[in-house]
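Trainee: Okay, so TrEMBL annotates it like this:
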TRANSMEM  12-37  transmembrane segment
TRANSMEM  57-84  transmembrane segment
TRANSMEM  96-120  transmembrane segment
TRANSMEM  227-245  transmembrane segment
TRANSMEM  352-368  transmembrane segment
TRANSMEM  374-391  transmembrane segment
TRANSMEM  411-431  transmembrane segment
TRANSMEM  443-460  transmembrane segment
């Protein structure tokens, strides 16, 4: 379509608003359904088959309601990979599932770009498709680990999450299409989801604690209501910030010719930080609401801390406090879109034969779509990650000798981290090549240049990938060292 058409331009706000309304309506309805599901279809009131069927049918309804006939793409991908899961050989099941799921997702991304211009999201079914792609590849890798590999070849985490038997069709559909996560995720592990449906989810976590030492005669029964209410408050605040801040500080203004002519480099840097902050509330809103929906259904219990506090953050996609106070690029990434970072680690980083960091960033860009801005962001991210790692490894220990030095180091690294993230993610919002190049020119490519200088001047210490070693090998190495 011709994006310059006045009719198309006038229709964009209407369609975008309609999509937002559909999303919020579905998620609020899912929240109510989740409470009902936990109370009336809990494991003590309904069989696993009934819970699977209800979660699946409601998920399909939400998909059709939000995306109409475009939801067929979700169902096509799900059924194609169900065929692969049952017909492919176990040694290759994760490879075939990955290629088909990522290939179909990429084709859908491409078709949307050619049919619809940048920023038009009227048929943006790619969000649910991206979540389903994560789940398909996660299940395939964990099935490969459980059936196709020996326990001694796996890391402790891979062994814990390994799936020993192929799921039934109902279990498979419920995992991929359940109403709690089909619209906005997050991706969860198959074994955790099945344990939740079968009523073992909370019990398994509680058994990790010695309750008799804490004075309990029997296992407590943690309720998610408090966690849900807390997350709904965050959702409400995020919505208010989105409606007030986001639209008043558009990212596009930072490459406006008048703005560039009248402001200094430091002023542009400050405004960049402000507009990046203003862009966050919509993500905080969507991800926290999705987390609350899962918790309301009784899913997401992560355990008990030393003080006896129950935590419901197994599926949380962000830690806002750690994001806003991050003192390293790594810390920021680990607390932003947490479940996607976990997926990238499990299907790519832990399995990559070489260059795991670079391959993980490339996969992340490909998963997000084919807009050039994504690739600018993630390729820049590789450079800054390596530079930040080099600085931390070579310099941090000099600032740990006293508390004032440590605090000064934290303040400086916080400021640099926040500005580096803002610099890196700007193309992610701009999407296209021209505004991205214009933006980086206005910033004199300073982060790129500084990162390259750091990598040329500081020695690069090899990364210890102990987490990627098989668990038995790690034990053997530990015994040898003793």
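Cβ atoms here come from the backbone N, Cα and C positions, even for glycine.
Given the structure is predicted, the values throughout are model-derived calculations rather than measurements.
How buried are these features, and what lies next to them?
Mentor: For the transmembrane segment (352-368), same-chain residues at least 6 beyond its ends with a Cβ under 8 Å from one of its own Cβ atoms are 102, 105-106, 130, 133-134, 340, 344-345, 374-375, 377-379, 381-382, 385-386, 428, 465, 468.
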Trainee: Do the transmembrane segment (374-391) and the transmembrane segment (227-245) share at least 3 Cβ pairs closer than 8 Å, excluding pairs fewer than 6 residues apart in sequence?
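Mentor: They do not touch: fewer than three Cβ pairs between the two stretches lie under 8 Å.
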Trainee: What residues elsewhere in the chain lie close to the transmembrane segment (443-460), defined as a C-beta under 8 angstroms and at least 6 residues from its ends?
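Mentor: Hits for the transmembrane segment (443-460): 265, 268-269, 272, 380, 383-384, 386-387, 390-391, 394, 420, 423-424.
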Trainee: Using a Cβ cut-off under 8 Å, which residues of the same chain at least 6 positions beyond either end of the transmembrane segment (227-245) come close to it?
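Mentor: Here the qualifying positions are 277-278, 281-282, 284-285, 288-289, 291-292, 295-296, 300, 310-313, 320.
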